[in-house]
Amino acid sequence: MQDQTSPGTLLGELRAQPPLVHCITNFVAMNIAANVLLAAGASPAMVHAEEEAGEFAAIAGALTINIGTLSSAWLRGMQAAAIAAGRAGKPFVLDPVAHYATGFRRAAVDRLLELGPTVIRGNASEIIALAGGASRGQGVDSRDHVEQAEDAARLLAREHGATIAVTGAVDFVTDGDRAARIEGGSALMPQVTALGCSLTCLIGAFSAIRPGAPFEATVAALATFSVAGEMAASKADGPGSFSWCFLDALAALDAATLDRDARVRAA
Ligand SMILES: Nc1ncnc2c1ncn2[C@@H]1O[C@H](COP(=O)(O)OP(=O)(O)OP(=O)(O)O)[C@@H](O)[C@H]1O
Ligand SMILES: Cc1ncsc1CCO
Ligand SMILES: [Mg+2]
């Protein structure tokens, strides 16, 4: 497939004009997420201080917020950034890491949801819990299947007017109207910490390319991860080598290969 919004077309545009992506992510993810964005062709900036997060969000192409290693000061920076992104009409991608684990996280996510995320990405346990269901998640790790989170994703999409991405063995994306499943990737991916957090940042990069088409941007980011993940798995010996093979695969992935190998099906 090669059309105006195919994953390959969007990847080509991203490389031609690297978007500045404002990432407020966690301490675990900061390095790998920045490297993932660079390998894909985007320009990451990890900026979380409350004194500057709002100002920075207004100049970036998109904002991504991840609550993985949250504190009160970080939350204030997140809120300032989300408000500024909203005012500037910039896409805002939310990653509600383990929001079900503590009252502090739940309250933080409630506040961030009020600020109107464009896209929400989580693993199955996070998305089930966000819709009010009983999830089996343990800390930051999912113990539910993506298929079990599909109804929750559709519900959340309609409730928040957002695109919802659920990741796992087969990813699911919906805007409440359309839906798609993306196959590929590797069972080694959840063995490397913060690849999901990095994917959230990459959704931000693609959203900056197509601010008016968050569903297509999200599908493109997930397809990019799936194809690069398969390429990396064919070379890696385990999680350690997978993590650097994955960066190499992302950097080597071209638009035509992405469109040829992406397995995106309407759902
Ligand atoms: N079993 C699997 N097989 C293939 N790909 C997978 C599998 N599990 C996860 N992935 C892929 O790994 C990437 C990260 O998704 P995952 O659901 O593991 O995120 P996460 O749980 O939020 O991770 P983290 O919190 O460590 O950042 C996605 O591209 C997803 O498709
Ligand atoms: C391990 C871990 N702990 C908090 S955030 C994070 C990265 C994966 O979500
Ligand atoms: Mg996660």
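Yeah, the Cβs are placed from backbone N, Cα and C, and that goes for glycine too.
Whatever TrEMBL says is automated annotation, not expert-curated.
For reference, TrEMBL has these:
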BINDING   M46, A194  substrate binding site
BINDING   R121, T167  ATP binding site
What DSSP gives for A194 (substrate binding site), in three states, is coil
M46 (substrate binding site) sits from T167 (ATP binding site) (Cα to Cα, rounded, in Å) at a distance of 23
Given the binding-site residues M46, A194, the candidate whose Cβ has the fewest other Cβ atoms within 10 Å is M46
Here the Cα-Cα span from A194 (substrate binding site) to R121 (ATP binding site), rounded to a whole number of angstrom, reaches 13
Expressed in Å to no decimal places, the gap between the Cα atoms of M46 (substrate binding site) and R121 (ATP binding site) is 18
Quick note, R121 (ATP binding site): same-chain residues at least 6 apart with CB under 8 Å of its CB -> V93, L94, D95, I164, A165, V166, T167, G196, L199, T200, I203, T218
